[in-house]
Amino acid sequence: MAALVGRLGNGDLKGLIARNGIFIAFVVFMIAFGIGVDRFLTFQNLENVVKTTAIIGVIALGVTVVVLSGNLDLSVGSMLSFGTVMVVDLHDKIGPGAGILVMMIAVLALGAVNGLLIGFLRLNSLIVTLGMLSAIQGLTLIYSGGKNVDIDPSTQDTTWFRVFGRGEIAGVDMPIIIFFALAVVIGMIVAYTPYGRRVYAVGGNPTAAVFSGIRRNRVVFSTYLVSAFCVGIASIILGSRVMGSQNTVGQGYELLVLAGVILGGTSLLGGSGSILKTVIGVLILGFIQNGLLLLGYPFFAQWIVTWVVIILAVWLDVAAKRGRLLSPIA
Amino acid sequence: MTEPNPTLRLKGIVKTFPGVRALDGVDFDVRPGEVHALMGENGAGKSTLMKILAGVYHPDEGQIFIDDRPVVIRSPIEAKEHGITLIHQELSLAEEMSVAENIFLGELPRKKWGFVDWKTLDERVGTILQKLNADWGPRTRIGSLSIAKQQMCEIARALTHSAKIVVFDEPTASLTDAEKVVLFDVIEDLKAEGVGIVYISHRMEEIFKITDRISVLRDGSYRGTLNTRETDEDEITQMMIGRSLELHRRNIEHAEEGEEVLSVEGLSCGRLFQDVSFTVKAGEIVGFYGLVGAGRTEMAETLFGLRRPTAGKIRLAGEEVHIGSPSEAIEKGISLVPENRKEQGLVLGMNCRDNITLPQIDDLTAGPFVANGAEVAIYDMYRDRLQIKAPTWRTLVGSLSGGNQQKIVIGKWLSMKPRLLIVDEPTRGIDVGSKSEIHKLLRELAHQGYAIIVVSSEMPEVLHVSDRIIAMHNGRITRTFSADAVTEEDLIQAISGLTSDKAA
């Protein structure tokens, strides 16, 4: 929030609106929906939104780190399918603890493949992770043999694995706690550690980072491990909540996640943005979707609305930077 | 003497940005067939003025006249329509397209049905290139040309428009001497055709060679216009910075030579440079002088671990070392202030403090986190020592002037307490005031016992700071001079490869 408040300090009202357009739009939206839709501004509904957003949110934390370093990760959606199928399937076979461990190692290995190709071979991240998107989906289907997996119904209410998706502490749902706790940890790492500084430097100017003795390749590699780690955590939450998994459960998550990151205001060019911004971006996205559902629109309407919102967000962002809405050069 | 009416006249131009009065009532005019120099330190308002001419900014007050008619320039396209062409310091060419396509970009000659008329295009571009003495053709891919040649293409682009006013912004920054001659010929041709030329440069010798009048800006205000023939460097410098400098003084100090810090023997890197041998002692500045492409920068980059040598030995304090990466170089106490500060030296979107501490951020921790206090202390120390002018450490480096940016880079590497400091083009694109400050600083550092290598393509600079000068040509050392024995003639011969005898 400090960054936001700091920016409010200078500039005229017009600039202020332009710079923080998305947040102002968000507040207006919340008020409008609060008045127009009965159940929108109830504690239960708000908690529900944050809870459903938690999975996208957790993944978005990792993707933010990747984007800050100047790259993309589009493989997170199918990686979520893979992780969830695996952790659910292994639950009954080798137990929840070992299952989580094996799944995390497998997911980190996939992240390492991304990292090797993009960090050390310096291949384009869009191509590599788009390819991984379909490769991992294939891998998931090979693993499951095409069948949906679930945890034995008789143990679903007794296994400690249920705590991640269904548990709560002091009345707060576990997915929310995990999301915010992870946001604080990764947020601190990004904002206050030497590692975070290196990520920003590599994203801001890779050449200058190398000239400053930063091992660019390693930094890029590591961001994909962070991203994969977050997907692993999200898989545990999702698997635990549903107690089963379809093979394509994560389909489309990559775009929702990226939408949240962009909506928050982290630059796709790298080097600027923050975890806090992503948290806000993801929540905005969640509330918009929830509002639409409460208004009775079918759930797929949100896909179109999400697109419109992202375009508006990106437009306002560049308009604020150049000081007018339309491009100065015809 | 009757003077022709000016082609372009600016009257009382005022432009303010939040908190800054960037231009404060500037008057400026250019007559047809005249080269009018615009001078001033970085931050004096030259770029703002040029952006107003180009239609990027709009003046808050004041008027622009073209051929005595008041005009309003709302966009770069309108500027072009009014006959104003800018040759930017930073090139704006499409690398993957041909020379011809770039020159006529946006207005390619068409046949019926809208297809490009390649034949006419080639002919027209061919004529222009001939005029520029270019040894490349219209179909050459821009990306395959050297920076200097790309710049000539940018100039060619200006020639295709019937320009009334051509603005050159630091056009010679990356040109070789031979290319400069061609550029000056082109400017003479433009003059003869009655084009008015605005020439922005920090290089005095060029200003005196080709300009007719000189206007000076300082801190956004207009300080006056001088006839080039009736003035000298001192007068201009005084107008620009309000005090006089001794820029062309030779280095007359004799360094107290200490221990040998670096010794390089037979160092080669493929075709870039071969068989380079020299030593640098503590307390000494060794200047590397040569033309663009002589292999100086590549040699510096090899010492910093950015390139792998193909042969030769590097010894630091007598001990043979292998430097595989910049981080290894930093560990061994080598610092490099790179040639291009915006691309290699700085993360422009980061603040001053973060840029300065970037190479040592791992050592500045309290627990797992960066120690804020230690970082700010380092920034404060180098801000004071190098007189960096920035509002606070939170200021983004991208918004500082060139001189202050360069000081941030130097501060960044001094804070590493290196044994060997390599400075590549220490004052490129920096105004005279900051230039002399940086030169003074380098001498002071040598006094304090640093071993320093300065790579430069500006002769006054090399003469001014070096204790010894090593001349390079085509990847080889041609001669080594001591500061008191060097003459400009010998130096020019040595870097042109006219002499191959090695003197001590």
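Glycine too: its Cβ is placed from the backbone N, Cα and C atoms.
What TrEMBL lists as transmembrane segment is A:16-37 (among others).
The transmembrane segment annotation in TrEMBL covers A:49-68 (among others). For the transmembrane segment (A:49-68), the residues of the chain that approach it from at least six positions outside its boundaries are 76, 80, 125, 173, 175-176, 178-179, 182-183, 186, 190, 199-200, 203, 223-224, 226-231, 233-234, 237-238, 253, 256-258, 260-261, 264, 266-268, 270-275, 277-279, 281-283, 285-287, 290, judged by C-beta separation under 8 angstroms.
The annotation transmembrane segment is assigned in TrEMBL to A:98-120 (among others). Same-chain residues lying 6+ beyond the ends of the transmembrane segment (A:98-120) with a Cβ under 8 Å from its Cβ atoms: 71, 73, 75, 79, 82-83, 86-87, 89-91, 128-129, 132, 136, 161, 216-229, 231-232, 235-236.
If you look up TrEMBL, you'll see A:126-144 (among others) marked as transmembrane segment.
The feature transmembrane segment is assigned by TrEMBL to A:176-195 (among others).
Taken from TrEMBL, the feature transmembrane segment applies to A:221-243 (among others). If you look at the transmembrane segment (A:221-243), the same-chain residues 6 or more away from its ends with a CB under 8 A from one of its CBs are 54-55, 58-59, 61-63, 65-66, 68-69, 71, 73, 76, 79-80, 82-84, 86-88, 91, 100, 103-104, 107-108, 110-112, 114-116, 118-120, 150-151, 156, 161-166, 174-175, 178, 182, 186, 195, 199, 249.
Counting residues 6+ beyond its ends, the transmembrane segment (A:255-288) has Cβ neighbours under 8 Å at 1, 3, 22-23, 26, 29-30, 33, 49-50, 52-53, 56-57, 59-61, 63-64, 67-72, 74, 76-77, 183, 186-187, 190-191, 200-205, 302, 305-306, 309-310, 313-314, 317 in the same chain. The feature transmembrane segment is assigned by TrEMBL to A:255-288 (among others).
The transmembrane segment feature in TrEMBL is assigned to A:300-320 (among others).
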